[in-house]
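In what follows, a structure is listed as structure tokens, so that the remarks can point back to it.
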Amino acid sequence: MARPMLLLXLSLGLLASLLPALAACPQNCHCHSDLQHVICDKVGLQKIPKVSEKTKLLNLQRNNFPVLATNSFRAMPNLVSLHLQHCQIREVAAGAFRGLKQLIYLYLSHNDIRVLRAGAFDDLTELTYLYLDHNKVTELPRGLLSPLVNLFILQLNNNKIRELRSGAFQGAKDLRWLYLSENSLSSLQPGALDDVENLAKFYLDRNQLSSYPSAALSKLRVVEELKLSHNPLKSIPDNAFQSFGRYLETLWLDNTNLEKFSDGAFLGVTTLKHVHLENNRLHQLPSNFPFDSLETLTLTNNPWKCTCQLRGLRRWLEAKTSRPDATCASPAKFRGQHIRDTDAFRGCKFPTKRSKKAGRH
């Protein structure tokens, strides 16, 4: 009798030891790598499931969590990557991610988030990648990003942000890539970017900016790519890019109804390689346009005036093996002729070519 009882006790003990592990993988979910990866993609969840403390990746895409309450993830201290795309989230409470001090990736794309209040990202001191694109966010309150001292990439494209105010990025001093495409921005207040002077990539395309935000952008120091396409800009002022001119390599100004550059627009710009100017209303380029460093330039669908003022462009085109399809709109007798081939520049005095240093970085 003693032996069967001993076997029963051992069996019950073994079963009891297995129960926590079995219970750690939520129903209908898939768990991998010894419960470190938990996949609950589109399984009908309406509340955040309980998972093992050792979980590092939690994928909760395509479920239904209208509100992320305070401490929703408190029992997941080792989480590194959290996926909450397409979860119909409307509200993120203050302290919703409290306890996630190891989190590096946070995906909140394609939800219905309208308001983000200060405190929403408390404790996320290691967060490096934050995806908030395709929501309905209207503003960034001061202090919202303060805990995010290691943030590198912030995607806020496809929201409804109307204005960037001073202090909007307070605390996010290491931010390098900022995407604000397809919002409703009509202005950037002076001081709006004071806390993110190390931005390298800045996308502002498809907004409502009617004037170049000189005061705000003048605080940036190392921008390598600036995208302003599809904004109703008419002119670019003097010194527009000077504060980061030694770093700027790619500039997008296509589809803006742009009519002119001020003579000093490109002062201080020395490394520009790629410029997009197609589908505008440009007649001329400024005399200090940085052709020397330029590798690619898109020009089509502009009413170019083929006079001697455009001779720098003609010389640059002559040196290219590709043939950008840009044509003269005036004078009338040269209309429709390719800038590279037209006789419109016959008689113009071309400056002596400066030798370039061999090699590229």
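The backbone N, Cα and C atoms fix where each Cβ goes, and this holds for glycine too.
Going by Swiss-Prot, these are the annotated features:
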type	residues	note
SIGNAL	1-24	signal peptide
DOMAIN	25-54	domain 'LRRNT'
REPEAT	102-123	repeat 'LRR 2'
CARBOHYD	Ser146	O-linked glycosylation site
REPEAT	198-219	repeat 'LRR 6'
REPEAT	247-268	repeat 'LRR 8'
DOMAIN	302-350	domain 'LRRCT'
Cβ under 8 Å, sequence separation of at least 6 from the ends of the domain 'LRRNT' (25-54): give me the contacting residues as numbers and ranges.
60-65, 68, 72-73, 75-78
Quick one: DSSP breakdown of the domain 'LRRNT' (25-54) into helix, strand and coil?
0 helix, 6 strand, 24 coil
So which residues does the repeat 'LRR 2' (102-123) touch in its own chain, when a touch means Cβ under 8 Å and the partner is 6 or more beyond its ends?
61, 77-96, 129-138, 140-148, 155
Pop the mean pLDDT for the repeat 'LRR 2' (102-123) in here, whole number is fine.
96
Taking DSSP helix as H, G and I and strand as E and B, the repeat 'LRR 6' (198-219) has 4 helix, 3 strand, 15 coil
Summary of DSSP states over the repeat 'LRR 8' (247-268), given as helix, strand and coil counts:
0 helix, 5 strand, 17 coil
Please spell out the DSSP helix, strand and coil residue counts for the domain 'LRRCT' (302-350).
14 helix, 7 strand, 28 coil
Count up the helix, strand and coil residues in the repeat 'LRR 2' (102-123) according to DSSP, in that order.
0 helix, 5 strand, 17 coil
